[in-house]
Each structure stands twice: as C-alpha cells, then as structure tokens.
C-alpha cells in the first residue's frame with residue numbers, strides 16, 4: 001500500500017509543480033502588467049470608435065478611412081524596420097517619438113473639431129493613428145515573455161476586462177471619453193515599457209531578421225504567409241460589425257461577446273493548456289457566418305444581434321491572433337516585433353475593408369433594402385469560399401510548431417595558459433572540417449562558389465561575414481544558400497553544421 005501511495009505521489013508531483021508554476025506566473029509583475037496593459041489597449045480601440053471617430057465623421061467622414069490607412073502604413077514601417085534595420089529601433093527615441101506623434105495628432109484633431117476644419121481633422125487623425133499603431137505593435141511584444149498557457153489566459157482575460165471597462169466608460173460625457181483615449185493608451189505603454197525596452201535592446205543588437213532568414217528559413221514566417229491573410233479576413237468581419245447598423249456613426253454596445261471570452265479563459269484554467277488554435281478558428285468562423293446571416297432575418301435585421309455575433313467572432317479570433325503571434329515570437333524573439341507589426345498592418349487593412357463594406361450596406365439599406373440580401377449573400381459566399389479553398393489546409397497549430405528557434409552561438413571563455421593549445425586544436429579542427437566540406441561538396445555536386453559558401457556556413461559564419469569574405473552580393477549569397485539547401489535537403493544552418501561535423 002505504501003509503494004502504491006508513493007507511486008501516485010510521484011505521478012502527481014510534475015502536475016502539481018506545473019500548477020504552482022502557473023499560479024506563480026499569474027501573480028508576477030510581468031503578467032499583471034501585461035494583463036492590465038492589454039485591457040487598456042483594447043479599451044483604447046473602443047474609445048476611438050465610440051467617442052472620437054463619430055465626432056470626426058460629423059465634420060469629415062473620410063478622415064476615418066485616412067486614419068486607418070495611416071495605422072496600416074505605420075505598422076508596415078515598423079515591420080520593415082524590425083526586419084531590415086533593427087539597429088534603428090533605439091528604445092528611448094522610439095518611445096518618445098511614438099508618444100509625441102500620438103499626442104500631436106490628438107491635439108490637431110481637437111483643434112480641427114473646434115474649428116470644424118476637415119484639413120486639420122484629417123491631418124490629426126492620420127498622425128494620431130500612426131503613433132497609436134506604433135505603440136500597439138511595440139507593446140504587444142511583452143507577450144513573448146509569458147508561457148503559452150498564461151499568455152492565452154492573459155489575452156482572453158484582458159479582452160473580457162476591456163468589456164468591463166466599457167461598462168464604466170460608456171457613461172462618460174463625450175469630452176471626457178475623448179480625453180480618456182490617449183490617457184489609457186499611453187498608460188498601457190508605460191506599464192509594459194520596462195519589458196519592451198529589454199526586448200528591443202536584444203533585437204537591435206542582433207543581426208537583422210532578413211539576414212538570419214537566409215540561413216534559418218524555418219525560423220521566420222514570410223510576410224506573404226497565409227496566416228496574415230486569415231488576420232485580414234477576420235478583421236474585415238470586425239470592421240463590418242463596427243459600422244453595420246451603427247447609429248449616428250456610433251457602434252452599438254453589448255456585453256454578449258463577453259461570453260466566449262469567459263469560456264476561453266475558463267478552459268485555460270480548467271484544462272491546464274490553451275484551447276487548440278484550429279478549434280478557436282472554427283468557433284470564430286461560426287460566429288462570423290451567424291452574424292452575416294442574421295442580417296437576412298427580418299426579426300434581427302434592425303437589432304444589434306448581427307453586430308454582437310460578429311463582435312463575438314472577432315474577439316475569439318483576437319485571442320487566437322495574439323496567442324499565435326506570441327507563440328511564434330516566443331520561438332524566435334528576434335522576429336517578434338516584425339510579426340506583431342505585420343499582423344497589425346494586416347488587421348488595419350482588414351478593418352478598412354470591413355468598415356467600408358459596413359457603410360456600403362448601411363447606404364443600401366437606407367436607399368434600397370432589396371439589395372441587402374444579395375450583398376450579404378455575396379459576402380458570405382466569398383468568406384466561405386476563402387475558407388474552403390485558400391485556408392482549407394491551413395493550421396494555426398502547425399504554423400506555430402513549424403517555427404524553429406534561431407540558435408545563438410556564444411563563445412566560451414578560456415583560461416590564458418590554455419589559449420595557445422586551444423588555438424592549435426581549433427586550427428586542426430578547421431582543417432579537418434574543410435576537408436569534410438570538400439568531400440560533401442563533391443558528393444552533392446556543388447559548384448565551386450557554392451562549395452566556398454558551404455564551407456563558411458559549416459564554420460558557423462553568417463551572411464554579412466560571407467558577403468565580406470567572398471566579396472559577393474547578398475542576393476548572390478541568398479541564391480547559393482538556396483541551391484545548397486535544395487541539393488543537400490537541408491532546412492537550416494544548424495542542420496548543415498551537423499552534417500559537416502558528422503560526415
């Protein structure tokens with residue numbers, strides 16, 4: 001009996017340890033700051049649509065569309081900078097610049113509203129949203145410092161908390177609601193800044209993602225990955241929910257979308273792991289389809305039911321989106337900012353398409369209600385066709401699992417008396433490795449130049465070193481690496497090094 005009890009105790013020990021570790025993480029400074037900050041960022045998005053954009057629309061409705069384009073362009077600029085020139089991302093200038101840009105844009109919007117000036121309002125909205133998009137993309141990289149389980153709970157819980165915040169802020173007078181927008185956004189930025197600064201410093205001192213992707217293609221998701229198409233599609237649905245059926249350009253308010261968020265959070269706590277991404281995707285699809293189809297039912301067309309269903313689907317997908325980006329960034333922190341910024345770009349573009357479609361349907365409903373069913377049928381058909389064709393074989397879980405960590409090579413310190421012996425050993429090993437590389441190059445029919453590139457890669461050299469050593473362009477190196485990997489059936493530089501060392 002004693003032996004059986006000991007066996008059960010030993011079996012329960014790992015599970016108990018995981019539960020204790022999870023509980024400790026939930027009360028850590030990083031998790032609590034991230035939880036509150038994300039809820040404030042989500043609240044800021046709602047405040048923008050609830051208080052600022054409706055006022056802007058009274059003077060000049062197109063300013064909202066220009067602002068959304070500005071968000072997408074700013075996120076694109078951050079993504080490209082993080083990918084190509086990470087050394088430019090100096091934390092202090094970036095934080096001060098984004099904050100100053102957002103506040104300057106907000107001031108211009110207020111001046112434009114006071115003077116009823118479309119030019120000032122448009123300029124202010126464009127500048128303000130550019131600063132906000134930068135803050136959003138940079139702030140979200142704090143999620144990669146959380147475990148998979150705690151990040152899922154953090155995202156779902158912060159979205160739910162944002163709904164609770166809305167219940168308070170919805171009763172604010174309009175001037176206070178507008179002032180709350182920059183306050184909550186910058187407050188969220190300040191909460192996570194210590195962790196964001198640490199990650200930015202790490203990113204800017206490493207080789208660029210574009211350089212590392214040449215030798216470690218499996219560690220990076222390309223910008224053309226179908227994942228970002230999925231982001232675009234679902235944010236389009238969310239943008240539609242903001243505008244379809246809106247009264248005086250103000251989206252209807254409801255707490256119904258809070259239910260699926262609460263279920264996601266409860267599932268994480270109860271099962272000990274995040275909900276499978278592909279299941280969340282299917283649930284979001286069902287909500288979106290139900291929301292669109294509800295616009296065809298006479299009993300619900302004039303109600304907020306379509307908007308609530310679409311918002312529920314959009315929020316489910318928001319959990320999945322941020323969870324996926326955090327998981328990818330956790331596997332490759334050097335690419336995290338690029339992924340969050342590019343995801344922000346895709347979602348902003350989707351919002352623009354969705355809101356434009358919502359305004360179009362509002363106009364059709366007002367002028368010719370008979371056209372609404374046909375328009376909804378086309379939208380549903382396009383959405384279903386995209387999921388049954390382009391996204392049919394796509395899997396969020398496989399996408400996450402397919403991203404490999406970028407190996408970091410660090411030189412070990414050596415004692416001075418052993419330095420000469422170590423140098424001699426290194427020289428002998430390098431000579432032996434060169435001979436192995438020559439035999440491999442001959443066996444796999446590599447060209448002379450491909451053999452030289454292969455030899456340097458086997459020594460652990462990166463692309464900038466090869467570029468300088470062989471005096472060839474980066475595009476030429478990229479082509480050689482591609483041919484080497486194809487001929488030798490390799491997928492990363494580490495696989496190449498392992499092959500050369502064990503041949």
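One is the number of the first residue shown, and numbering goes on along the chain from there.
Note: Cβ is positioned from N, Cα and C throughout, glycine not excepted.
Just so you know, TrEMBL annotations are computer predictions that nobody has curated.
Residues 226-247 are the range that TrEMBL records as transmembrane segment, among 204-225, 226-247, 402-423.
Of the candidate ranges 31-52, 427-448, TrEMBL annotates residues 31-52 with the feature transmembrane segment. Segment contact holds for the transmembrane segment (153-172) and the transmembrane segment (31-52), given three or more CB pairs below 8 angstroms at sequence separation of 6 or more. Two recorded stretches are said to be in contact when at least 3 C-beta pairs lie under 8 angstroms, sequence spacing 6 or more; the transmembrane segment (279-297) and the transmembrane segment (31-52) fall short of this definition.
With a threshold of 8 Å between CB atoms, the same-chain residues lying at least 6 positions outside the transmembrane segment (178-196) that come near it are 30, 33-34, 36-38, 40-41, 43-44, 47-48, 51-52, 55, 91, 95, 98-99, 102-103, 106, 110, 132, 135, 138-139, 141-142, 145, 169, 172. Per-stretch counts of Cβ pairs under 8 Å to the transmembrane segment (309-328) identify 119-146 as the leading one among 119-146, 340-358, 370-391.
Three or more CB pairs closer than 8 A are found between the transmembrane segment (119-146) and the transmembrane segment (31-52), so contact between the two stretches is assigned (pairs 6 or more residues apart).
Regional average pLDDT for the coiled coil (423-450) in the model is 76.
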